[in-house]
Amino acid sequence: MESYYVPYLRTHLHQFAASVSAASCEEGAGDDEECRDEAAALRLKMVAVAAILIAGAVGVAIPLVGRRRRGGGGGGGEGASSGGGTFVLAKAFAAGVILATGFVHMMHDAEEKFADPCLPATPWRRFPFPGFIAMLAALGTLVMEFVGTRFYERRHGEEASAAAAARDDTTALLEDGALAGIAAAAVSGDDEKQDAMHIVGMRAHAAAHQHSHAHGHDACDGGAVYDAHAQAHAHGHGHDHGHGGDERPSQAHHVVVSQILEMGIVSHSVIIGLSLGVSQSPCTIKPLVAALSSHQFFEGFALGGCISEAQFKNFSALLMAFFFAITTPIGITVGAGIASFYNANSPRALVVEGILDSMSSGILIYMALVDLIAADFLSRRMSCNPRLQVCSYVALFVGAIAMSSLAIWA
């Protein structure tokens, strides 16, 4: 009985070892031998490093420069955070780019890796690993956003509490002064009494006006004025109150979103840079240079919009932009250095790349749908402006289609 199970176990152990082995796989391995030219490939890799670096830097810089021209370098404010209609359209275009990157580029690459014949059928082709890993990554992103936002808010809570306490003290003093003015008006005469009653009437009207908006009445009337008031009110209370269905996400949320988004984009950028760097075929590299340059430009534009909305200080924003811009060129450089012994078709490389692509896909799909599209397209500002709504949908579809079309070459 024991001798019966020994060959069975040995076979499965060999299959498992082969799945994580770094040994080469002859089936489908390597570049096209007819077009193999290491010297020409190296020259094209140098061109690719420069072109992709410039494209990524320009793409991520455009929203950041636009933020500085709208609302100043580090302050923020309404003009800097939400901008005009142009900035809303740019965000919609960027959301389409991120969504297409997750669905069309990363998910497809992950499926190709796990379906490669160099991997054994069990377990890699017996279970839909790309979708499963992407789902876990999306759920993990949800948890990371919640925990990260709470941590950031708690970390900066002392400053916000001190500022709120100072504002409350000032408000209390003003209210005491107003009440004292009313009492003085009651003694001093009719004219001053009318002024005091006018102050009380204005405060009652403001309270009723705010109450009516809180219950959704006339949501689109005076929306711009009320949005500014609601944002100032939310900022003054440290974003702790949950009333108001259209309250904008806090700055802490935007900070966490931009950092998670960069993590998802960068992991994919390393893989595509490494894949181009290890190639020794000019026929493979030539179309990738233009395609990956456009790829990095669009992704940089989307990431730059999120960094701009998070209102980082100048140095932090520059550091995140720089890190994104150099990731793919570094991947190409590393790939060129290890091209002589690295085999992209080895089972270990295929599994690692497939897992990373699946995780990046889940992260970007979640963030595109939840943090970029739903946050803007379901807002009152969008629903109360039909023209902006139509233009935003057009920008969303254009961004998604433009990024998807690059899958023909990359």
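Note: Cβ is positioned from N, Cα and C throughout, glycine not excepted.
The annotation transmembrane segment is assigned in TrEMBL to 46-66 (among others). For the transmembrane segment (46-66), same-chain residues at least 6 beyond its ends with a Cβ under 8 Å from one of its own Cβ atoms are 83, 87, 90, 273, 276, 285, 288-290, 292-294, 296-301, 303-305, 307-308, 317, 321, 324-326, 328-329, 332-333.
Beyond the ends of the transmembrane segment (87-107), by six or more residues, the same chain brings 63, 66, 70, 130-131, 134, 261, 265, 268, 295, 298-299, 301-302, 305-306, 309, 357-358, 360-365, 367-369, 372-373, 376-377, 382, 388, 391-393, 395-404, 406-407, 410 to within a C-beta distance below 8 angstroms of the stretch. TrEMBL lists 87-107 (among others) with the feature transmembrane segment.
Among the features that TrEMBL reports, transmembrane segment is placed at 127-147 (among others).
Feature annotation from TrEMBL assigns transmembrane segment to 317-339 (among others). With a threshold of 8 Å between CB atoms, the same-chain residues lying at least 6 positions outside the transmembrane segment (317-339) that come near it are 42, 45, 48-49, 52-53, 56-57, 60-61, 64, 258-259, 262, 265-266, 269-280, 292, 296, 299-300, 303-304, 307-308.
The transmembrane segment feature in TrEMBL is assigned to 359-378 (among others). Nonlocal intrachain contacts for the transmembrane segment (359-378), taken as residues 6+ away from its ends with a CB within less than 8 angstroms of a stretch CB, comprise 88, 91-92, 94-96, 98-99, 101-103, 106-107, 110, 130, 133-138, 140-142, 145, 249, 257, 260-261, 263-265, 267-268, 306, 389, 392-393, 396.
The feature transmembrane segment is assigned by TrEMBL to 390-409 (among others). Listed as Cβ neighbours of the transmembrane segment (390-409) (distance under 8 Å, sequence separation of 6 or more from its ends, same chain) are residues 85, 88-90, 92-97, 99-101, 104-105, 108, 287-288, 290-291, 294-295, 298, 373, 376-377, 382.
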